[in-house]
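Here is the structure we will look at.
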């Protein structure tokens, strides 16, 4: 009976046997509760909810696999938080390789989510475990680096001076190397070995003007990141630049004591790229597998960011002013003392259902 009932699927499986692949995904996170699916929580729509629906509708996976993604060996490379976007997210899974597969999946996705590429990978490939490094970008209005007494009502006329940008980059450079980032996430003890993270690059680029506001993009590359880690790394540098905290707080935040580290808004954060250097070295030249690099898709990635990611960040920032609102909370942080229990409990409560994923 079961074979009869699944007859259509079996026919499809014969015509299109399932193969292990990776999909290159780009999405604007606005309106979504992050990347990862929360089964049984349909009111909180995630990127994966819409992706799985599109995979079923396009015939890439059997309908009965939609509810249990383990059946298709599904693995996301990075968990992105609520409202966070991606230009180069990668997921690995088993799919039926139907004709015009990318077009058919995209026909069933909203415009703010796009599959931009597909490559065959080894049977045992896991996009999370095989990933060596992740690169994130964070787009913010440069008024975030204005002096403490600057009138933030007057954002449009603010322009970042070269000297300040140089200081910003000196501070970001301090994050390079391996540090104990237990203060940059929640519910992590200083003794927890998983709080040690390796950062290879962090810097802020030259400013540019959009919608009469000046913006800049911060880029950070590291092996992996904990929940809220990047937003707190940026939040602390802003607090130092604006004069609410002394520079020594950065060194202290990697020590054993608990430090009150402010968390910058999620709006500007974008997962830019995930890196598979070891996999490429081992399998990329074996004649059977492609290297997991996306040079051919580069134009499409750039076009997606220009159409869906940057305009959303700019428009939302101009209309809702999330950065300026957040800046107003900086005086309430005590950078001299260790963090209060209240602040820690607030963080714990907020993140109780978010687990310990990446930024």
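From the backbone N, Cα and C atoms, a Cβ is placed for every residue, glycine too.
It is 337-359, from the ranges 314-336, 337-359, that TrEMBL records as region 'Disordered'. According to DSSP, the domain 'Pseudouridine synthase I TruA alpha/beta' (173-277) comprises 27 helix, 34 strand, 44 coil. For the recorded positions listed here (81, 136), the lowest count of other CB atoms within 10 A around the CB belongs to 81.
Across the domain 'Pseudouridine synthase I TruA alpha/beta' (173-277), the prediction's mean pLDDT works out to 96.
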